[in-house]
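Some notes on the structure that comes next.
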Amino acid sequence: MQCAELEIHSLTAELESLKNPQGLGLSSHLDGLREENAKLKYRLNVLKRSLQEERSQCSKTMMNINQRLQEIFGEAIREACPDLENPPLAVTPNQQAKFGDYQCNSAMAMAQMMKSKGLKVNPRQIAENIQQNIPDNELIEKTEIAGPGFINVHLKRSFVSKLLTNLLLNGVQPPPLESKKKVVVDFSSPNIAKEMHVGHLRSTIIGDSMCRLFEFLGYDVLRLNHVGDWGTQFGMLIAHLQDKFPNYLTVSPPIGDLQAFYKESKKRFDEEEDFKKRAYQCVVKLQSKDPAFIKGWNLICDVSRNEFQKVYNCLDIQIIERGESFYQEKMTAVVKEFEAKGLVEMDEGRKIVFAPGQQIPLTVVKSDGGYTYDTSDLAALRHRLFDEKADIIIYVTDSGQGTHFQVVFAAAQMIGWYDPNVTRVEHAGFGVVLGEDKKKFKTRSGDTVRLMDLLDEGLKRSMEKLKEKDRDKVLSTEDLTKAQRSVAFGCIKYADLSHNRINDYVFSFDKMLDDRGNTAAYLLYAFTRIRSIARLANIDEAALRKAAETTEVLLEHDKEWKLGKCLLRFPEILQKILDDLLLHTLCDYLYELATTFTEFYDSCYCIEKDRQTGEVVKVNMWRMLLCDATAAIMAKGFDILGINPVSRM
């Protein structure tokens, strides 16, 4: 199909050149050119019909309907206004069913473009020209022009039905990728010897969900944890380790509370001059790779890793640690590369780099000869570009680091490491977590909230909620525990992801565990109910599979049609998130899907029962298939969000 599309573009361009024979040779060749033109047109039409037939048979993957409509209208616009360079293309789902299913809004913007060139054309006339040039296609039933030039699009119900059958037979398969790109996502990134706190929660949840999205769409994803595992603080930690556990080289020290251990060493560092001097000596020994000091450093890192892993196990996070220490030996080469290109300036003993358009410089070497976060981040970026050969690099940190990354990216472009038109390097920033008092989320004593304490509280609250609904009376102990974890961690993740990541958000267990409105609790209960419909009608997966192969999905009722279209919007929702990395769009879509399903289920009988006995007397199988398709899309949406629904709740 892709080869055919390329040939269509090539033939179209050749046809355009043949329309104007001037400069192509002698006029005696005109008849020959016309004959060649007719042959090309014939070949072009054959290819278009062939491509349309392939599409109408439906591939195993889901079709992005919006993208396909953009292709159709893009071709119509080029035919209608061949002289207009880069005409705007706007196709969106219609918000009101009475106006059709989608809408092309390009005519008004095209009229504005023409007006700026001195051509006054009525946008409605432009819309009519576009409408007349819509090519034959598998998707559109009819189009209507409304208002100043909106083109309302009505989809073919038969084709939408085929797409739904394809979904049921092949599962939720993303549209094919043009090429499999390498993606690096840098997220979570806690500091060794410090507790993970609520700030790390956002980076961990958002970063994991982004990885899941890229992985589902077929990209090669590397999940990196850029932990803070190097620096002067390790000098004081090792010095304190030597004093508190002098035999640490032979007997593993029982450091139970690393946070308390860190506070003790910091207090001594601030108050004891001799300890401070020894701490600096320990840093030198560590940087020179003295085996005893490397062992002490590893012991401290291992204690932290074990604590981090408890959080990652709760939240089902897969991530590869590659901390600041990994890039230490690469930093010298980075500084030399900037120096060799004359991009380093001296400033009071520091070596700094100014990037174009940036007011703040990067400090690549401190006045004492040490490296900085700037140097470390440049080395990390270079490694990801040249060694990992990444096509897309996403940094998921708080918005406060936005300026820093902007300068790092600008410096990398200045030195020629990457072209932003070819390689996507982006900072996906997020706002802070607030308490219900709208201030930074803290404990009552004013301390930062420990992440494990927060997750434990979530488990406690979710169990209370389940018992409130008497689920402990109908579920086995094992199923109740599964439901508890699903609700607790699902609600915490969804509360974060359902807000625009750029904004701050208020953390409230009461709101996130509420089973009304756009919450994980509501969606998880809705999903469980949808999955139970077939079970209550004694229809197993094999029967549903057979029905998908033999039963047409009818979309005659308005609510059936609305649900069918909503289901098929899934690929365009994912494409939008791929473009802007705003995951709340998926949450909004899942909530819309759940409420659309409720409308359908309330209006359309899937199962008809005897009013006296309660026995099932009729199953409307095409509607059962719509239930199955809804569950499949919701399950995949949950998977991308990192939420684990359970079959019984």
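Cβ coordinates are placed from backbone N, Cα and C, and glycine is handled just like the others.
Nobody curates TrEMBL annotations by hand; they come from automatic prediction.
The coiled coil annotation in TrEMBL covers 30-57. Taking the coiled coil (30-57) as a whole, pLDDT averages 67 in the prediction.
For 67-155, the entry in TrEMBL reads domain 'Arginyl tRNA synthetase N-terminal'.
Look at TrEMBL and you will find 523-649 tagged as domain 'DALR anticodon binding'.
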Secondary structure tally of the domain 'Arginyl tRNA synthetase N-terminal' (67-155) (DSSP, helix then strand then coil): 38 helix, 19 strand, 32 coil
Helix, strand and coil totals (DSSP H, G, I; E, B; other) for the domain 'DALR anticodon binding' (523-649): 87 helix, 7 strand, 33 coil
